Each structure stands twice: as structure tokens, then as C-alpha cells.
Amino acid sequence: MEFSVKSGSPEKQRSACIVVGVFEPRRLSPIAEQLDKISGGYISSLLRRGDLEGKPGQMLLLHQVPNILSERVLLVGCGKERELGERQYKDIIKKTISTLNETGSMEAVCFLTELHVKGRDTYWKVRQAVESTKDSLYTFNQFKSNKPETRRPLRKLVFNVPTRRELNLGEKAIAHGLSIASGVKASKDLGNMPPNVANPAYLASQARRLADDYETVTTKIIGEEEMKKLGMTSYLAVGQGSHNESMMSIMEYKGHPDPTAKPIVLIGKGLTFDSGGISIKPSEGMDEMKYDMCGAASVFGAMKALAKLNLPLNVVGVLAGCENMPSSNSYRPGDILTTMSGQTVEVLNTDAEGRLVLCDALTYVERYEPECVVDVATLTGACVVALGHHISGLISNHNPLAHELINASEQSGDRAWRLPMAEEYNEQLSSPFADMGNIGGKAAGTITAGCFLSRFAKKYHWAHIDSAGTAWVSGANKGSTGRPVSLLVQFLLNRSGQENEE
């Protein structure tokens, strides 16, 4: 689909359809009022008749409105004007796209980007309209033998901005939105892939393909033989029960004017299937453990968006690919592992495996002398209990970095919430036989997991995002969400100084 921005009066638009808002109760938005005036009160007369109340998501398609050049006018219910917030705005955009496709419109001029959304500017409204549109059109049906035929005639969407001064800002918002949407789609596709296809080698192949597609990206793969030489015993232990080789895929993006500038490092947990190992999970819902690689998928998506945006940064993306399976060769509860850092870990539960993979990845990236490190993982069910399915958990050893990420989460709408990491929580990881256990009991499970990782991130500024509750949705519409790609890319945009410059 082609996106563009323009600034103009609604009555002068020659298009298949003009999209304008209506508030409750039957109140025309400023743009709709202009159309109503030109049409001699035609639209307001329909509202007085009760054809549209203005409730969120209500739609009314008008044909041949008097004195209007466009073929049709789509009235979109936006709820109460003062209550129009971010979530409702995105939902309205998605519903609008669905309706435009259902009505057969090939092009449309959308004035919803001129609505007032609390605390948001034109850049945000245009970018979110692009991201929401792309999200609403996403499908994953490549494994269906009979693919459903979906009617999608809409090919061109123009967003109107209030003044010509904002055209450049709108164009930048479209470019950013398309790049982020591309990264989100890549992340969703990886997450939704079945585990018999998306194994660690598949993650590696996608990382190589990214390097093939962009000159700014180089990729190297570390397999089990090299991991042994590096002393990544903890990482290797998790995957030793699977016939699929563990692979750590490293993508290096160099866009900074100084190629030696310290990089930002992103690490994603890539458990392509997590059965729990010897501490096996219940069978109900185990199919969703293919999503345990969504941390890696989000890092891959962020790297793809970064390459498309061509930001002036150096960034390293690490996909920590592995599979946790039960077998006669699996690691066991009671095993003591010596990590790459030299610290020892008593395995108390083989289903707390993500941290055992990440700890060696965190040690490995010390060689880059990073500006900062952010790891992303579907790490703990405790995070779902604490924050539900709407907000990711955040833990950090550096207040400014944590504030940057929280700010990026608010800007992008891909929200995170910082959890504490006090010394008292570290005491729960004590082991009588090793430097630490790999779990800290039932209490504060997300925090103790973060405390565990922090022991391997002492040489740089570090943050951990737990996306266990936000990386996918269950039920009839189950699937990967692509989160937190938007948060990560916003963080990188902010670091580059290009977040919403005109």
C-alpha cells in the first residue's frame, strides 16, 4: 500500500473516499463541519435522523454528497471528543481500513490524523496510523492449503495534516512508521513460524539474509563447537537435549560516521521451542512455547527496521538460538554449570532456562565494549502475573538507561514498567553448592530473574525487558504481537537524534 501526506481542504479532494470523524453524541469534527457546510447541511441532517451516533468504531458510508468532489464520504465514530486516547485512535484507524476495503475503495484521503489525541502531535498520529494500518492487514497463512481470499482493494492512503508546515514531519512519520511496521512484521513472522521450521538454524538463516539485503549489516554465526571453545557451558547445557544445534547469530550494523564508535547491543532470547526440559511443562498450552523465541524475533525485527531507517548508529543484534527438550542427554535439576564468566549456577529447575542462555550471551558481548546492552526475553510467567498482557517488565542497573527506555515506551505506545532490583532480592538466589541457583522461589520471580542476569552485566550499562505477557496473544486469534520492536526502534531513533525532527 502507498502512503502519502498532503494539506488541503476536504471539499477540494478528488478521491474515491474522504474519511472524517464524528463524535458522540452526533457531533461533527471540525473537518466534517466543513463538509457539512459545503453540502448545505446534508451530513448534519443525516445525524439528526439518527443514522450515526458517533460511538467508537461506528461507520456510515455516504455516496454523492452534494458539492463534494469525492465519490464517497466515510463518517467514522470516534466516541466522546475529550476521551479520544491512543488506544481508541489506533482501533479507529484499524476499523476504518477494514471498512474501506469492504466497500471497495482503491484510494482514500484520511482526515482522522487531524483529530485531537491527548498529548500527541501530528508526527505521532501519522506514524501510528501507518503502523496500525499495516498491523490490521497482517496475515500468517502460508501453511494453509486453502488460503482464504481476502478482499483488499485499497492501494493508496493519503493522510491530511493541518498545515503545509507539517508536511515534512508527516513524510518523516510515514518513513518511520513503514520501517517499524516492516520490523514488526518480520518479528511476527518469526514468532508465528512452527518450531519444526523455526529452529536455531532457521534464525541463523534469517540473520544471514538480513546481511545479504543490507550493506550496513554483517552477520556471523557461532555454533556449538565455537561455544565450547569460548566456555559457554551454561548456554550449551540448555540445548544439549535437542538434536537441533544451538546457534548464536550476531548481526552487526554499522551506520555511525565513526566505525569504531561504541555500539548499542540488543540481545534476544531465542528458545525456538521450550518444553521445559526435564522439568517438563504441562501439555496444555505447550504449543505456545514456540513463542519463547519472541525476544530474538523482536531483536531481529528491530535490526531490520534499523537497517531500513539507516540510522547513524553502531548496533549489534544477538539472537541467542536454542531449543530446550527432554532426553537422556538433557541437563538435570541438581547439575552445577560453570558459566562463561566463571560464575557457577546450580540448576534447580530446567524450565528456568532462558537466563542460562542469556547469561553467557551477556558475557560474550563484553568484547564489544558496548555503549549499553538491552536484552529482551519472554523470561518469566511471573511477569504475566505482575503486569498482565499489556505492559512489558523492565529491570536495569542504570537509571538513565531505564528512563530512556521508559520514555521510548511511552512515545511508541509499546509500554514497559520498571521493576525494582534491590539487594534483598538477590538473597533469594543463594545456593549452598554454587555461586547461585537459577531460580529464587515463587516470590518476585521476574525481579529475581533480572537479578540473576544483572550478575553477568556488571561491565556495562544494562537493561532487561521481560515480554512474557506481551510477545503473543492466546485464544482464537493467537499469534505473535511483534512487541517490543516499536519500543526498541524508538529507543534507537532517540539515540540517533532523529525521533521526529522536521
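Quick reminder: no glycine exception, Cβ is built from N, Cα and C everywhere.
Computed from a predicted structure; not experimentally measured.
What Swiss-Prot records for this protein:
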BINDING   LYS269, ASP274, ASP292, GLU353  Mn(2+) 2 binding site
BINDING   ASP274, ASP351, GLU353  Mn(2+) 1 binding site
ACT_SITE  LYS281  active site
ACT_SITE  ARG355  active site
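The structure, with features from Swiss-Prot marked on it.
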| residue | record | DSSP (3 states) |
| --- | --- | --- |
| LYS269 | Mn(2+) 2 binding site | strand |
| ASP274 | Mn(2+) 2 binding site | strand |
| LYS281 | active site | coil |
| ASP292 | Mn(2+) 2 binding site | helix |
| ASP351 | Mn(2+) 1 binding site | coil |
Around LYS269 (Mn(2+) 2 binding site), how many other CB atoms lie within 10 A of its CB?
31
Using the CB centroid of LYS269, ASP274, ASP292, GLU353 as the Mn(2+) 2 site centre, which other residues of the same chain sit with their CB within 8 A?
VAL238, GLY270, LEU271, MET289, MET293, CYS322, ASN324, GLY354, VAL357, ALA377, THR378, LEU379
Rounded to the nearest Å - Cα separation of LYS281 (active site) and ASP351 (Mn(2+) 1 binding site):
8
Near the Cβ of ASP274 (Mn(2+) 2 binding site), how many other Cβ atoms are there if near means within 10 Å?
26
Candidates LYS281, ARG355: member of the active-site residues with the richest Cβ shell (10 Å):
ARG355
Of LYS269, ASP274, ASP292, i.e. the binding-site residues, those within 10 Å of ASP351 (Mn(2+) 1 binding site) when Cα atoms are compared:
ASP274
Here the binding-site residues are ASP292, ASP351, GLU353; which one has the lowest number of other Cβ atoms no more than 10 Å from its Cβ?
ASP351
Integer Cα-Cα distance in angstrom, ARG355 (active site) to LYS269 (Mn(2+) 2 binding site):
9
Near the Mn(2+) 1 site, what residues other than ASP274, ASP351, GLU353 in the same chain have a C-beta no further than 8 Å from the centroid of the listed C-beta atoms?
VAL238, LEU271, SER275, GLY276, GLY277, SER279, LYS281, ASP292, ASN324, THR350, ALA352, GLY354
